[in-house]
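Below is one structure, written out as structure tokens; comments come after it.
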């Protein structure tokens, strides 16, 4: 060993020397057992990836993008516990609009609406059960829609001066009984004189039921799929468009979106393979190393990352992880990173074949891994840590995304230094045998200069000049200023439209919901977990005060639009005659003493047709004592469709609930899981970026004991991160779970380039301490 080499070895960081030792041992083992290593990794790939074919895609739409520990998670648990004993209840919603864009308040359109409602409720079944056999407490949930239709029929058969039913909005009078139409009719225009319905844009209907005891979540999903499939695909109507949706349908649409990625993966693989073959052909011809085996090496450079990804995802699925749609992005990421490492290995093999043509195969493989091992390790390790940090974000789907990417990158690193190294050993051996029998065409080697080399040398000289340094510093300052300004303006906006394809009916549903439904009717579902003894006037007054507090909001539509059973029960007690009470349930009251809110005491109340629906708003324990209450209060306002405003009113609802601790109140909004992301999205993204940056600094310091080099690499990462955020803002991309995932992915990519460049620049300085900066850049 020369003195210069000895000095270089001493100057090499200890961690890199350890890697060199390990890579040399690995290279010798792979060279000696190349066919076994290749076969073993392929068998392992088949075993792991087989799990993918039997793992269905599943997305947690309700809480998948909601941070752990957020209040909406406990609110969902209380909601589910109330309706279906810790299981999701059946919930299918549908928006009905006229095909001609006109009013739904026409007799023929309302007749068709009721006909479709009855047909779906009776004929759409699963395991022999239809909605009307499942609904129990919610069979009459769409009754106001039916009564409005009945009113249209009766009024059409009556004279203009004798209309038995007043078709007014929001309250409709049916034979002296008031019906609230606000939960069902949206985009309503009324006559100024009598408030009768003049125009109706959207009719909302719903199918809600508790899950039968012998049904599991798959039965729930199948029933909801059949219900939405009927309205979306099977229903034949010349008058109506009915857009039905549920959590199951939303999840299916997101899965459908994910499946559309795979054709692009095939296209990307094809383009990458063509590019790989073309570039390998050029470089191998330039170095006199071309053979047909180079095609195999070039194509397999693209195949190896995909095999590593399949193995990694299959391994995760074997370990019980969920196949989320967001994992469909992982192959694209790993393909880009893995191909880079394969190019380094191929180029190192060709370079050592030229510099040391007498070296044996096992020595070449060992030299190749020692040469490129640290470079491949630093990029793989930084990418691995970049996504590993993301596992600690509070959002489940982002955790899954980062877990899948980090494991896939780890598998790709292992596959590169084993599987791909074994392939190079096999093809290299074949090339060496061929080279020993024939004289290589060295015409390309004899060329002293090439246009490419001239351009590279000139570019390196330009980069190393002082003028370039000043010029790029000015450009960099401008870039930072523009990027920081843009990053400061980025907004956290959540929209379901970004999760599905543009042809998805969910786009239309979301538009109808935001433009017509939310602004006219937003509901606060209030669950009182500990009502206590309501026979105590003080306790009952406290419960009434709770509902009145919610009704005191300026956005509240009015107390008469609230659903609070106590008011009707009080009316029932005051107006029912004594003999009617005796005939309906006086025995129950005697058995329960003076408890007017016991199950038996309230049976006469529930038996009246107009009060039957209140049975779904109360729950009793095994002793017949009232232990849970559900109430709703309705709100409206032009800003109800704005997420930021919805978040503010949700927080106000929660503060009101917290002010009644003795009642153990929980307020539920079906959009709360998404709204809770507004507070965590930006901090999670920033913290992930900072942690990634710190990991990058530590890894760079392990490989390069040079503070200046580490600082340059770190500044590069900061610059890229700021630029990503800033440019996203200028392009009109808001910060949401999808853009957060892609931002984390872009940070992972950005780590790759500075790590490669700084490490090679640093190593060139070790090998040739007297070389100029331009020479280091060129090499």
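Any Cβ shown, glycine's included, is placed from N, Cα and C.
No curator has checked TrEMBL annotations; they are predicted automatically.
Your range for transmembrane segment, going by TrEMBL and the list 323-344, 433-454, 499-520, is 323-344. In TrEMBL, the annotation transmembrane segment applies to 710-732, one of the ranges 618-640, 641-663, 710-732.
Checking the ranges 182-208, 209-235, 398-424 against TrEMBL, the transmembrane segment annotation falls on 398-424. Between the stretches 146-168, 238-260, 261-283, TrEMBL puts its transmembrane segment entry on 261-283. Cross-referencing 365-392, 533-560, 561-588 with TrEMBL places the feature transmembrane segment at 365-392.
TrEMBL lists transmembrane segment for one of the ranges 88-110, 111-133, 295-317, namely 295-317. For the transmembrane segment (710-732), the list of distant contacts is 476, 479-480, 482-487, 489-491, 689, 692-693, 696-697, 700-701, 704, 739, 743, 746-747, 750-751, 753-755, 758: same-chain residues at least six beyond its ends, Cβ to Cβ under 8 Å. Packing against the transmembrane segment (681-703) from elsewhere in the chain are residues 13, 15-16, 67, 374, 377-378, 381-382, 385-386, 388-390, 392-395, 398, 490, 492, 709-710, 713-714, 717-718, 721, 735-737, 740, 743-744, 747-748, 751, 755, 758-759, 762: each is 6 or more residues past its ends and has a CB under 8 Å from a CB in it.
Note: the stretches the transmembrane segment (323-344) and the transmembrane segment (398-424) are in contact (3+ CB pairs below 8 A, sequence gap of 6 or more). Confidence across the domain 'SSD' (263-426), taken as the mean pLDDT and rounded to a whole number, stands at 89. In this chain, the transmembrane segment (463-482) does not touch the transmembrane segment (398-424); fewer than three CB pairs sit within less than 8 A of each other, excluding pairs fewer than 6 residues apart.
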